[in-house]
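Student: Once you've had a glance at the structure underneath, I'll fire off some questions.
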Amino acid sequence: MDRTVRIIGAPMDYGANRRGVDMGPSAIRYADLADRLAEADVEPVDDGDLTMPRAEERDPDADQPTDGNAKFLREVEDVCRRVSDRVAATLADGEFPLVLGGDHSVAIGSLAGSAREADLGAIWFDAHADINTPETSPSGNVHGMPLAAALGHGSFGETEWAPAPRLRASSIAYVGLRSIDDRERELLRESELTVFTMSDIDQRGVSSVVEDALAVATDGTDGVHVSLDLDWLDPKTAPGVGTPVRGGVTYREAHAALEALSRRERADDVLRSMDVVEVNPILDEGNETATLAAELTASTFGKRIF
Ligand SMILES: NC(=[NH2+])NCCC[C@H](N)C(=O)O
Ligand SMILES: [Mn+2]
Ligand SMILES: [Mn+2]
């Protein structure tokens, strides 16, 4: 790909109950993200970080926009509105928006911004389904809700900021799920989202699964959003995440999957936007998870061994 990639840092931790994931953008930059992207033949431009609101500044008299079971939802809304505007403006300039989280709630903003002027497909690389609503969430953490928000499920449907305007459930594919809450399972069985679990990867291999995910996300859409939650990988390979789940993809499987997205002939017109989320340096070992995040991002943009 020879497009300009605009790096948008979103050091958000409100969606994960404030546990250190706000240092993710800094750790990924420290792992030489820009140099690695340059090696992938894209031109990185770093916009720096968005400023995060202070929870203490919350006006106690203001109305709560949705159910009180979603923690820090007002702060998440504030950040996601700005992420969405930045992503939309970047696309309008003909550049590629790369959002660095922060916890996965920032994806509400990236999806909304990317789906403003185009029919959007999405591939969700994650251990988790992230499709709880404030009403179904067992934790109240908004990082477990971004797809419900983008699809306007539950009380998110009553808001104007959360739903992604041109994203349909039938254009979304998960790759690598292995932790699905009971209510999410019920919903996914009835929904049009495509679910590829770790068992599919075990049986068919990651490359074939990613091909199918790409087919889902590109069919009838104008472009694809890639959402990469680092807890998609096995915690032995990516320990620096807040909600690790055993049995994730290996280092090589992860590279193979993301390289498949940027096969030369299609990268430019298929990929539209990306977020890289859930890197938590406090829980990491020697910044290896952030380094992995930087490497995998370069693979997505076409960096190859040879
Ligand atoms: N982006 C993430 N790491 N999400 C974890 C979600 C965990 C769980 N399903 C919840 O709703 O709380
Ligand atoms: Mn996850
Ligand atoms: Mn996630």
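Every residue gets a Cβ built from N, Cα and C, even glycine.
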Student: Which candidate from His104, His255 does TrEMBL annotate alongside His128, Asp130, Asp229, Asp231 at the Mn(2+) 1 binding site?
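Tutor: Looking through His104, His255, the residue TrEMBL assigns to the Mn(2+) 1 site is His104.
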Student: How many Å lie between the Cα of His104 (Mn(2+) 1 binding site) and the Cα of Asp126 (Mn(2+) 2 binding site)?
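Tutor: With distance taken Cα to Cα, Asp126 (Mn(2+) 2 binding site) is 10 Å from His104 (Mn(2+) 1 binding site).
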Student: Under 8 Å between C-beta atoms and at least six apart in sequence, can you list the same-chain neighbours of Asp130 (Mn(2+) 1 binding site), or say none if there are none?
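Tutor: In sequence order, the residues whose Cβ lies under 8 Å from that of Asp130 (Mn(2+) 1 binding site) (at least 6 apart) are His104, Ala107, Trp124, His143, Gly144, Met145, Pro146, Leu147, Ala148, Asp229.
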